[in-house]
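Record features (Swiss-Prot):
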type	residues	note
BINDING	29-36, 158-161, 187, 195-198	ATP binding site
ACT_SITE	36	active site, proton donor
BINDING	60, 164	(R)-pantoate binding site
BINDING	60	beta-alanine binding site
């Protein structure tokens, strides 16, 4: 489907036909991989009707070259979603999502969106939140639940994009969107690399080099699990020892606010909860990763 009107009508029809009580939404930009399959699989297991969206959002790309380079693999994406049992796929045009050109009114990410990825990619999260807000509206259940009440509505996001996930949760809370945000854990290859649509652009040597990101995260994670000081500087040194990797940031933050934990939390035995976050360029490819910390 390519129009919001079609999506609304078909989701209402399906919800009624199935006697369903819930609808799930899986927003994507396409170029799907096993991580997206996990999102779809989780949504299908938890909802009566599942909608996936495929839309490469121009508002969140600061570089037109990066936008043009982003892979478009619609046929393969549709096959993956069908295999996971997704009911409806919404793949709108840019004109459908932004009729008349770029929107004059947008969702702004505020201070939470200006740090980390936001500092490296100014305006990225304003564009991302604007399209997520629209997709959440498009994906609203088109009809009532079988028992006549409002159908439950859930949207599924990967934990790899930790800052985006935190911002979407905050937007939904602050603006009273009638949807529950469900985080889905990071999916990794057997050697530990977090799955990403951008991994296809890595050479063999760059892919090997990129493994240092997950190794550094595992080092911090093992120290947290053992209630040891995190000694972040040694993990940073590990990443910086790889010549093909240019580190942007590596820190341990509060999972909700993304504020860095106090320095004494990193140099004394770790207690509590945190999130280790990392971003780096490997060759020309920017990669992000993270690891939840508990003790």
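Positions of Cβ are set from backbone N, Cα and C atoms, glycine also.
Annotated features taken from Swiss-Prot, shown on the structure.
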| residue | record | DSSP class |
| --- | --- | --- |
| 29 | ATP binding site | coil |
| 35 | ATP binding site | helix |
| 60 | (R)-pantoate binding site | helix |
| 159 | ATP binding site | coil |
| 164 | (R)-pantoate binding site | helix |
| 187 | ATP binding site | coil |
| 197 | ATP binding site | helix |
Among 36, 60, 164, these being the recorded positions, pick the one whose CA is nearest to that of residue 187 (ATP binding site). 36
How many Å separate the Cα atoms of residue 197 (ATP binding site) and residue 36 (active site, proton donor)? 10
Note down the number of other Cβ atoms within 10 Å of the Cβ of the residue listed as 'active site, proton donor', including every protein chain shown. 26
Residue 159 (ATP binding site) to residue 60 ((R)-pantoate binding site): how many Å between their Cα atoms? 18
Might you list, by sequence position, any residue in that chain lying six or more from residue 29 (ATP binding site) with a Cβ less than 8 Å away from its Cβ? 54, 55, 56, 57, 70, 197
Cα distance (Å, whole number) from residue 164 ((R)-pantoate binding site) to the residue listed as 'active site, proton donor': 16
Can you name the residues of this chain that are 6 or more positions from residue 60 ((R)-pantoate binding site) yet have a C-beta less than 8 Å from its C-beta? 123, 124, 125, 127, 128, 131
Quick one: among the binding-site residues 159, 164, 197, which has the most Cβ atoms sitting within 10 Å of its own Cβ? 164
Integer Å value for the Cα distance linking residue 35 (ATP binding site) with residue 164 ((R)-pantoate binding site) is 16
